[in-house]
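Novice: Input: one structure, supplied below.
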Amino acid sequence: MVQVAVMGAGSWGTTVAKVFADAGNEVRLWARRAEVAEDVRDNHRNSAYLGDIELPAALTGTTDPAEALNGAEIVVLGVPSQSLRENLQNWKDLIGPDASLVSLAKGIEHSSGLRMSQLVSEVADVPSERVAVLTGPNLAREVAQGQPAATVVACTDMDRAKLIQAAVAAPYFRPYTNTDVIGCEIAGTCKNVIALAAGIAAGMGFGDNTAATVITRGLAETTRLALEVGADARTLSGLAGMGDLVATCTSTLSRNRRFGEHLGKGETLEQAAASTKGQVAEGVVSSQSVFELAEKVGVETPITEAVVGVCHEGADVQQIMMGLLGRSKKAE
């Protein structure tokens, strides 16, 4: 049994906390809002994010970071990518000297260009081999319901990856290890952007052929970028690559896809956010960071560029989609 702290009580953070508890560990879930922590602690629910799904008794909630992190051997970071730095600065002195840090966030920090594992290592002042990422085709509600799923625990230290793998292996949740942190993080970031594009296409009324094209060409540009920055090509065809991409681009549970659908129907960013519980999808923020990284290393990412045009430059979705199809012809 391992002592686990999960910092962030959104839908995915709460779900991961549930998985660790179902795997036989004691878990403390830190929530920013008192009513969420109380719901988890007193009712074994997170009604705000997971409805009536019952949470295990081994999982408790708190709003006190010190209480959550006290004695934690595994610290799971479940806050959004663009607020991770600020939160981690507040928590870093409370994290044990030998604790493993696991990032759930998928993104590239816009101000620095850092991947999330790099940001965690820098801000918490820990060596990179103590930082892992958990990523894969893991839609929170399905996992929280106990539906079978697999994931990837990526860490440059394979022994540490195996320790985390053992701790998070629940009867319905199968973790695989990988040492390609770069590939897993680039894939996890880009898939949100591609899912926006898939949603835009669906919102415009296009069908399965278009969806398959967006997904496949999205994987192609993700792979080009990932390889250019040092990833292993095999990662892109695995759970953290193709698996996560397919789930996020096709599922009605995917916030990025749903957000894209609203954009495809002609809504503004503000209207789309209002239609999706007031949240701007992660892919909107990530699209700029991904495009800037791609330009920096000289990689062509036309789908990402199109998403940037729609989300940040006021481009018309019809013109953008037709522009993608009208690009100069080339070999696949």
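Any Cβ shown, glycine's included, is placed from N, Cα and C.
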Novice: Let me know which member of Lys106, Lys162, Lys296 Swiss-Prot also records as binding sn-glycerol 3-phosphate at the site of Gly136, Lys191, Asp244, Ser254, Arg255, Asn256.
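Specialist: The candidate from Lys106, Lys162, Lys296 that Swiss-Prot ties to sn-glycerol 3-phosphate along with Gly136, Lys191, Asp244, Ser254, Arg255, Asn256 is Lys106.
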Novice: Have a look through Ala68, Ala72, Ala140, Ala220 and flag the one Swiss-Prot assigns to the NADPH site that Ser11, Trp12, Arg32, Arg33, Lys106, Arg255, Val280, Glu282 belong to.
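Specialist: Checking Ala68, Ala72, Ala140, Ala220 against Swiss-Prot: the NADPH site match is Ala140.
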Novice: List the Cα distance (Å, whole number) between Glu282 (NADPH binding site) and Lys191 (active site, proton acceptor).
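Specialist: Cα of Glu282 (NADPH binding site) to Cα of Lys191 (active site, proton acceptor) measures 10 Å after rounding.
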Novice: Based on Cα distances to Asp244 (sn-glycerol 3-phosphate binding site), point out the closest of the recorded positions Ser11, Arg32, Lys106, Lys191, Arg255.
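Specialist: Of the recorded positions Ser11, Arg32, Lys106, Lys191, Arg255, Lys191 has its Cα closest to that of Asp244 (sn-glycerol 3-phosphate binding site).
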Novice: Which recorded positions from the set Lys191, Ser254, Asn256 come within 10 angstroms of Lys106 (NADPH binding site), judged by C-alpha positions?
Specialist: Lys191
